[in-house]
Structure formats: structure tokens, C-alpha cells
Amino acid sequence: MSISTSTLGYPRIGKNREVKKALESFWQQKISADELLKIVREIEEASWQTQTKAGIERIGIGDATLYDQILDWSFRFGIIPKRFQQFQNLECYFAMARGKDGILALEMTKWFDTNYHYLVPEITPDITPKADFSDFLETVKRAKKIIGKSAVPIIISPITFIRLSRLESVEFDNILAQLLPLYSDLLTKLKKLGISEIQLHEPALVFGDSSNLKKQFEMAYAELAKVGLNIHLVTYFDDLGETYPWVMKLPVTSISLDLTRGQNLELIKSYGFPADKTLGAGVVDARNIWRIRTQEVTSLLEELKGIIPNISVQPSASLQFVPYDVRREVKLPEALRNVLSFAEQKLEETVLLSKALTGKSNKSEIENIEIYWQEFYKFSPANEKVKSQIKALKETDFRRSMSYLERLDNQIKLPAFPTTTIGSFPQTKQVRKLRARYKKGELTQAEYLAQIDANIAYCIGLQEGMGMDVLVHGEFERSDMVEYFGEQLDGYTFTTHGWVQSYGSRYVRPPIIFGDIYRPHAMTIREFEVAQSLTEKPVKGMLTGPVTMLNWSYPRTDISRQEQAFQLALAIREELKDLEKAGAAFIQVDEPAMREGLPLKQQRWHEYLNWAVDAFRLSTAIARPETQVHTHMCYSEFGDIMESIKQLDADVISIEDSRSNNETLMQLTDADYPAQVGPGVYDVHSPSIPTTEYLRESLYKCIQYLPVTQIWVNPDCGLKTRRWEEAIPATRNMVQAAISLRQE
């Protein structure tokens with residue numbers, strides 16, 4: 001019998017967002033590459049020491065990144081598309097991430113069903129993988145020096161890497177054959193450094209179609225096993241499904257399973273677990289922020305102990321999806337804080353559970369956790385009115401009063417290629433400082449609102465001057481599209497230091513749903529009315545949809561996600577009604593996170609999509625026929641959920657298509673999407689400024705797929721992260737491109 005502890009990755013942004021600040025300073029040429037790397041390494045080394053101090057025995061290392069871990073492996077393998085090969089070193093790396101001088105960046109998409117985004121490798125016939133592992137080997141050497149034998153290198157497996165790549169005129173098997181010798185070479189070098197075990201992260205195994213690659217998995221692992229290192233095969237986010245029986249036979253020494261999601265426990269009971277392997281028992285949920293329920297988890301571990309002799313207790317995945325330390329959240333009510341668990345607390349829970357399994361735990365620690373939960377349930381807000389409203393919902397509450405074509409006749413007529421933006425305009429340091437000063441009490445409400453209104457006036461004047469057709473107020477009062485609404489809803493709370501990485505230098509603070517959700521007052525009406533009073537042109541009301549609010553929050557675990565989504569939908573529904581009363585003829589209900597909530601296995605999609613679509617419709621069905629309802633979705637693959645997208649019954653959908661080579665546009669066309677579409681004609685995540693000619697070409701491509709009457713012209717996402725000197729010429733060129741096409 002062997003009981004141990006492991007980790008599979010750790011937050012890498014710095015407790016005070018040091019990496020973000022360093023990246024932005026480097027991009028602005030305020031610090032050197034050496035200074036940037038020094039800061040990132042200090043954060044990385046601090047995380048190793050934190051895990052060591054907590055008592056973790058085998059610590060996953062090598063997951064720290066300047067931007068994205070998949071981009072790192074693309075770079076190490078020399079999988080660099082031709083358009084970036086003119087650049088060298090970090091200039092090339094960041095050009096791939098962000099674009100440069102008009103060159104499109106790599107496509108960005110969701111990391112499985114999380115809110116993290118990775119950069120999609122592009123593998124084309126002209127690319128021959130050629131490895132340079134020097135940075136990774138340097139990391140391993142540092143880790144060995146600091147934490148010794150506890151260091152276990154984390155490597156993205158070749159099959160997951162290829163599975164997540166875009167293959168253009170190349171065969172999966174051919175690329176695998178080219179990559180495997182490079183992987184074997186890396187493992188050989190690690191062995192020479194004295195490494196005895198590696199983690200090979202294989203999340204692609206949880207996809208429902210992974211059995212189609214059974215031969216490739218078996219061949220790859222047989223080849224890598226020849227090196228003679230202990231291979232710890234790591235899966236997460238779902239169960240192995242039908243792959244379980246043959247995965248258990250792969251030549252590895254450990255297999256990690258996520259026991260917080262899916263049916264892995266049932267698979268173990270049905271098929272057993274090989275006695276010659278260690279089970280990495282992912283029992284501490286790496287993706288939520290709630291403390292363990294000790295009785296449930298210890299019972300699960302005791303059950304596993306009766307089946308499997310060698311167990312490593314660990315988080316279910318990398319801890320990059322949770323903040324660092326809940327003890328810093330001194331503003332949260334104690335009853336709530338006591339049942340929250342961030343990365344450092346999850347390390348403590350991992351060690352506590354390991355001790356409980358060996359009979360060495362402190363009984364009072366376990367009892368205290370249960371007492372905390374009892375106190376929390378007394379504190380958590382309940383709203384009987386909301387519960388009653390949900391019980392009383394009727395079919396008509398989910399349906400607009402007219403069909404799309406009937407509504408179209410009632411709505412404001414606009415010129416061909418109508419122009420708009422997705423909502424936000426640049427959030428400068430001055431704007432962020434303004435909100436911070438107001439929160440600290442350094443400004444009165446009147447002083448704060450006067451400055452917000454000045455920003456709105458500037459934004460409206462700017463758009464009018466460009467000739468934009470449907471304006472937005474700019475969202476200067478909003479630090480985040482979820483946080484802004486959550487702060488005004490009962491049942492939500494927010495952290496002060498709870499930052500997690502969304503992509504690159506973009507960090508977010510997901511709110512926490514801890515009780516029933518209710519809208520006590522209007523949330524967006526004042527700013528809308530200010531903006532609309534400044535122009536004769538229509539201004540869009542801007543709301544975040546219920547499914548995105550849910551998927552970008554840490555949800556409750558005591559009631560279903562569906563019920564939480566419906567509570568949110570009722571709140572958004574009331575806000576939409578108030579926007580109409582204030583004169584809004586265009587209202588956007590953003591759902592960028594609709595697809596990311598999908599279960600990873602397709603057979604479970606139907607249930608999720610049913611209630612997700614219903615939640616959106618519940619929030620928008622109350623709109624009058626003359627109100628044009630827009631929605632926005634980004635970083636999503638729509639082809640396989642197109643019927644659900646159509647069922648949303650939005651009048652206009654704007655999408656992220658600028659990095660996707662018109663794939664999403666083709667999918668909409670193939671599905672005979674009936675409503676209007678804003679394809680997203682340029683990439684806002686790149687600092688490059690698109691020319692009018694480039695944007696004209698983008699629109700010409702759109703015309704190949706959609707009739708002119710269906711096309712809107714907009715950027716692919718909000719402009720919040722751009723600077724004014726980037727946003728102004730880009731949007732002006734966009735409007736000019738649309739106007740020039742009208743004149744043809």
C-alpha cells in the first residue's frame with residue numbers, strides 16, 4: 001500500500017499579477033527580455049516552494065508560460081507558420097500570440113470546457129518539426145536545484161498536441177511520426193538530468209471520439225516507454241468513457257483520473273484498475289472554489305483504497321483555474337470565506353486527505369470543515385420569490401411574440417452593411433484609476449459619474465464622426481462584463497485578489513454565486529440614457545447573457561446549473577424590459593461562453609443545450625417585435641451546435657471569425673442561418689491596425705457566403721484591451737470599408 005500526493009500544475013500569473021505587468025512593460029519596451037524572464041522565473045520558483053511547504057511530494061513543474069503552454073510547445077517543436085518565420089526569438093513568439101505589422105496571429109480558442117484560451121498550432125506541409133528544448137531543460141534544472149526529486153516535468157503529449165492543432169493538408173499519422181523522435185529525445189535528456197518520472201498530459205483522451213486514435217495512442221506510448229522513464233499519464237475534465245479498458249493497458253506507471261467530473265469511479269468499479277500502476281486520484285476539484293465536503297471525499301478515497309493499492313491524492317487538474325489564496329480575501333464575510341478554497345487551500349486539502357487515508361489526520365481539522373459548511377448554509381441568502389417565479393414559468397415565457405421575418409418588418413431600417421461595435425471601447429489607465437478611486441471612496445458619486453459621462457460623450461462623438469450606424473456607450477463603468485452585473489445582483493459576491501488567467505496577459509476575477517440570484521434594481525439604464533441623449537442615432541443596450549454569467553462565475557454546487565441560469569435569465573429579462581422603456585431599439589445580450597459549457601462528450605450535449613438555449617430565450621423573449629436583439633459569441637466552434645444557435649432566435653449574431661479563416665461563416669451558411677450576422681472583420685486581440693483595403697477584402701469574402709441583407713460590419717470582439725490609438729483608426733477604417741461597399 002502506497003499513499004502519496006501530487007500536483008498537476010499551479011497558478012502562474014503571480015499573486016499580484018506580476019506576470020501581466022511585466023508582459024505589458026516588455027511590449028511597451030520599458031523592460032528587457034531578461035527582466036521579463038527573471039520575473040516569470042521568480043513567480044515559478046515561488047510556486048514550487050509553496051507546494052513543497054504544503055507537503056506535496058511530487059510537484060508538477062514546467063507549466064509556467066509567458067503567454068500559453070500550447071504556444072510554448074509549438075515554439076519548442078519549431079512549428080512556426082511561414083508568416084512568422086521572418087521574426088526571431090521572443091519577437092516571433094509574441095507575433096504568433098498577438099499578430100504583428102498586419103500579420104494575423106494564431107487562432108485562439110477555448111481550452112476544453114474551461115474559460116482559459118489556448119493558441120491553436122498550425123501544421124502545414126512546409127513545416128518540418130525541429131526541436132529546441134533549451135528553455136524547458138533550463139526550467140527542469142532550476143526545479144531540481146530548488147525542490148530536488150519532488151520535481152516532475154509536465155509535458156503536453158504528442159497526441160493531445162496534434163489533436164488540438166489545425167492540420168492543413170497533412171496527415172495525423174505523418175505528424176505523429178515526425179514528433180515522436182523529438183519526444184523520445186526530450187525524455188532521454190530528462191533522464192540524463194536525473195529525472196525519474198514525467199507527467200504526460202493527455203486531456204484529449206476524454207473526448208468522445210478518442211477511441212478512433214487507439215492505434216496511435218498505443219504506438220506512441222510504446223515508443224516513449226522505450227526511454228525507461230516512469231510515465232504518469234494525466235487526464236482531466238471528464239471520464240475516459242469507452243477508452244478506459246485499453247488506456248489501462250498502456251505502458252505507463254501511473255494514470256491520473258478526474259474524480260470530480262464524469263463517471264471515472266463507475267469505470268474503476270466496472271473494469272478494475274491495474275495493480276502495477278498508481279492511480280492519480282483527482283478528488284480535489286481544481287476548477288471550483290468550494291472547500292471539500294470531507295465525509296464525501298474521504299468515503300470515496302476509502303472506497304478506492306479497497307480496490308487500488310497505490311494511490312496519489314491530488315487536485316483533479318492544474319490549479320491554474322483558481323486564485324492563489326483565500327486568506328487574502330479579508331472583505332468577504334467570514335461564513336463565506338471559511339467554505340472557500342483557492343490554490344493554497346487545495347494543497348492543504350490534498351495533504352489532509354492523504355493523511356486521512358493513512359489514519360494520520362487531525363480529526364478536528366475535518367470536523368471544523370463540516371462546521372464551516374453548517375454555518376455557511378445559515379448565512380447563504382435564499383429568495384422565495386425567485387424560486388416561485390421559476391416554478392411558474394410557462395412555454396410562452398420562452399418565445400418571442402413574432403417570428404424573425406415578422407419582427408424584421410417592425411425594426412429600424414439601416415443601410416446595407418450596417419456598422420457597429422461589440423460594446424466596449426479602450427479602458428485606459430485613467431479609466432481604471434477612476435473606478436479604483438471611486439471604490440476607495442476618494443471620489444464622490446457625483447464626481448465619478450461626471451467623469452464616466454465625459455468618457456461616454458467622447459465615445460459617442462467619436463462614433464458619430466466616423467459614421468457608425470448603431471452606437472455603443474463604451475462601457476467605461478464596467479471593469480468586466482460579468483463582474484459589473486454580478487456586483488449589482490443579490491446572490492453574487494466578488495473577490496479582491498481572485499485573479500485567474502483567461503489568455504496571455506488577460507486576467508479575470510470570476511465572481512462567486514453563493515445564494516439565490518435576484519435583481520434588486522436597474523443596472524444599465526442610467527448610462528444608456530446618458531449616451532442616447534447625446535445622439536440622434538440609435539444606441540445599443542448592452543447586457544451579458546445568463547449562460548455566460550453562469551459559465552464565467554464559480555457556481556453553487558448545491559443546486560443545478562440550470563436553475564442558476566434561469567435565475568440569471570429572470571434578472572436579465574427585467575433589465576431588458578427597462579432598457580426598452582428607456583428607448584432602446586437595439587439590445588445586445590452577449591453569450592460568448594455558450595459553447596464552452598458543453599460537456600466534452602457529445603452524448604451529454606442535448607441536456608445542456610436545451611436549458612442553455614431556454615435560459616437565453618427566457619431573458620430575451622419579452623422583447624417587443626420592434627426591438628432588435630443582438631447576441632455576440634467568440635472563440636467558439638459553432639458547426640456542431642448550429643441548430644441550437646438558430647434556436648436562440650436572435651435577430652443578429654456577431655461572431656469571432658477573423659482568426660478562423662471564415663470557418664464559422666461557412667458553418668452558418670451551410671446551416672441556412674436565417675437571421676443577420678456580424679462576422680467580425682478584424683482581430684481586436686492583435687495590436688495591428690487593419691487597412692481599409694484589408695477590411696474591404698474581408699467583407700468581399702463575407703459576400704461569398706451571405707447575402708448583403710444579412711451582413712453586419714463589426715470587429716470580432718470588444719475593444720476594451722486596445723489603446724485609443726489602435727481602436728480609432730481600426731474602427732474608422734472599418735466604417736470606411738462598409739461605406740465604400742455601399743457605393744458599389
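Just so you know, glycine gets a Cβ as well, placed from its N, Cα and C.
Positions annotated as 5-methyltetrahydropteroyltri-L-glutamate binding site by Swiss-Prot: Arg17, Glu18, Val19, Lys20, Lys110, Trp552, Glu596. With a cut-off of 8 Å between CB atoms and residues at least 6 apart in sequence, the same chain places Ile13, Gly14, Ser505, Tyr507 near Lys20 (5-methyltetrahydropteroyltri-L-glutamate binding site), listed in sequence order.
Residues or ranges marked as L-methionine binding site by Swiss-Prot: Ile422, Gly423, Ser424, Glu475, Asp590. The Cβ neighbour count for Glu475 (L-methionine binding site), using a 10 Å radius and every protein chain shown, is 25.
Taken from Swiss-Prot, the feature L-homocysteine binding site applies to Ile422, Gly423, Ser424, Glu475, Asp590.
Taken from Swiss-Prot, the feature Zn(2+) binding site applies to His632, Cys634, Glu656, Cys717. On its own chain, Cys634 (Zn(2+) binding site) has Pro592, Ile655, Glu656, Gly680, Asp716, Cys717 as residues at least 6 apart in sequence with a Cβ closer than 8 Å to its own Cβ.
Annotation source Swiss-Prot lists active site, proton donor at His685. In the three-state DSSP scheme, His685 (active site, proton donor) falls into the coil class. In sequence order, Arg98, Gly99, Ala105, Met108, Cys717, Thr721 are the residues near His685 (active site, proton donor), counting only same-chain partners six or more apart with C-beta under 8 A.
Other than Ile422, Gly423, Ser424, Glu475, Asp590, the residues of this chain whose Cβ falls within 8 Å of the Cβ centroid of the L-methionine site are, in sequence order, Thr421, Val472, Met481, Met542, Gln588, His632, Gly718, Lys720. Here the candidates are the binding-site residues Arg17, Glu18, Lys110, Trp552. The one whose C-alpha lies nearest to that of Asp590 (L-methionine binding site) is Trp552. DSSP gives Lys110 (5-methyltetrahydropteroyltri-L-glutamate binding site) a strand state. When the record's L-methionine-binding residues Ile422, Gly423, Ser424, Glu475, Asp590 are compared pairwise by CA position, the greatest distance found is 14 Å.
Here the candidates are the binding-site residues Ile422, Ser424, His632. The one whose C-alpha lies nearest to that of Arg17 (5-methyltetrahydropteroyltri-L-glutamate binding site) is Ser424.
Taking a C-beta cut-off of under 8 angstroms and a sequence separation of 6 or more, Glu18 (5-methyltetrahydropteroyltri-L-glutamate binding site) has the following same-chain neighbours: Ile39, Glu42, Ile43. Between the alpha carbons (Cα) of Ile422 (L-methionine binding site) and Trp552 (5-methyltetrahydropteroyltri-L-glutamate binding site) lies a span of roughly 18 Å. With respect to Ser424 (L-methionine binding site), the closest of these binding-site residues in Cα terms is Trp552, chosen from Val19, Lys110, Trp552.
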